[in-house]
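Undergrad: Quick one: structure below, then a few questions.
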Amino acid sequence: MDWFYAIIYGIVEGITEFLPISSTGHLIVAGNLMGVPWSKEIRDTFEVVIQGGAILAVLAYYWRDFAGQARVIGHDRPTQRLWLGVIVGVIPAVVLGVLFGDVIKAHLFRPSVVAWALIVGGVLMWVIENRKAPPVVHDLKQIGLGRAFLIGAAQCLALLWPGFSRSASSILGGMVMGLDRPTATRFSFYLGIPTLGGAALLDFIKSRHLLAEIGLLNVFLGAAVSFVVAYLAIGWLLRFVSQHNFKGFAVYRVIFGLLILLLVASGRLANGGL
């Protein structure tokens, strides 16, 4: 059955990683409903490692853009500034992860914590969508280093409060900083490459002996499914944000967070984490 769990985890990860609805919360519920027999350490590591598939989906989706940028980055200042902004934007997450990553993973991944992050994030998303300030940044190369750093700092909210969603925190941070929805969403994808890619690689190196218990082929199966589903989700989200706001996601987050709290209160979901 490990292959079945790997596929389901891959589907859930692929759908939810880049949508602003928290992959963590959905993986917790999915694992509970399936009754996955893996240890907490194995599940935690598996969930992080299959993010690698989602990251590869970003690289595949934007490969033409990246190839074009690679050809001109040596002399094109806007392209240089864009990627310097990505580097600057990821610094807060790197510092926070190095200093407090183990503590956060050990103590803050309880379902009730994730549920409240979903709810609060949904309310905040609604509030930000109701702001009257028009966006002033409509292209990735207009973001600048200051905005990039602050968006990266906003991204850290997902590290400090699991369930808030890295995508949601970075997209909302971008919108507060004046980016329009499509640009904020694209920059969130760019920030996700080093943030999630680094975390997935580090966890794989540190914990591959745990993953061997369920089979490395199952790990790669989960990552492959995550890749395919995430690729489709990226395309859908970009089309969606070009015509719609995030209020539907805000409502969904609140409802899903309340559902998790109900499952915890009824005893259907243990509140000690996965």
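Heads up, residue numbers simply count up from 1 along the chain you see.
Note that Cβ sites are derived from N, Cα and C of the backbone, with glycine treated the same way.
Summarising the annotation, Swiss-Prot assigns transmembrane segment to 1-21, 48-68, 84-104, 108-128, 143-163, 187-207, 214-234, 254-274 and lists sequence analysis as the type of evidence.
Surface or core, plus neighbours and distances: that's what I need for these features.
TA: Outside the transmembrane segment (1-21), and at least 6 residues removed from its termini, the chain residues within Cβ reach (under 8 Å) are 27, 30-31, 34, 36, 38, 46-47, 50-51, 53-54, 57-58, 118, 121, 125, 165, 167-168, 171-172, 188-189, 192, 196, 214-215, 218-219, 221-234, 237, 246, 249, 252-253, 256.
Listed as Cβ neighbours of the transmembrane segment (84-104) (distance under 8 Å, sequence separation of 6 or more from its ends, same chain) are residues 143-145, 147-149, 151-153, 155-156, 159-160, 162, 187, 190-191, 193-195, 198-199.
Long-range contacts of the transmembrane segment (108-128) within the same chain: residues 20-22, 24-25, 28, 44, 160-165, 168-169, 172, 175-176, 246-247, 249-254, 256-258, 260-261, 263-264, 269-274, each at least 6 residues beyond the stretch ends and with a Cβ under 8 Å from a Cβ of the stretch.
Within its own chain, the transmembrane segment (214-234) has Cβ neighbours under 8 Å at 2-3, 5-7, 9-11, 13-15, 17-19, 38, 42, 46, 49-54, 56-58, 60-61, 189, 208, counting only residues six or more beyond its boundaries.
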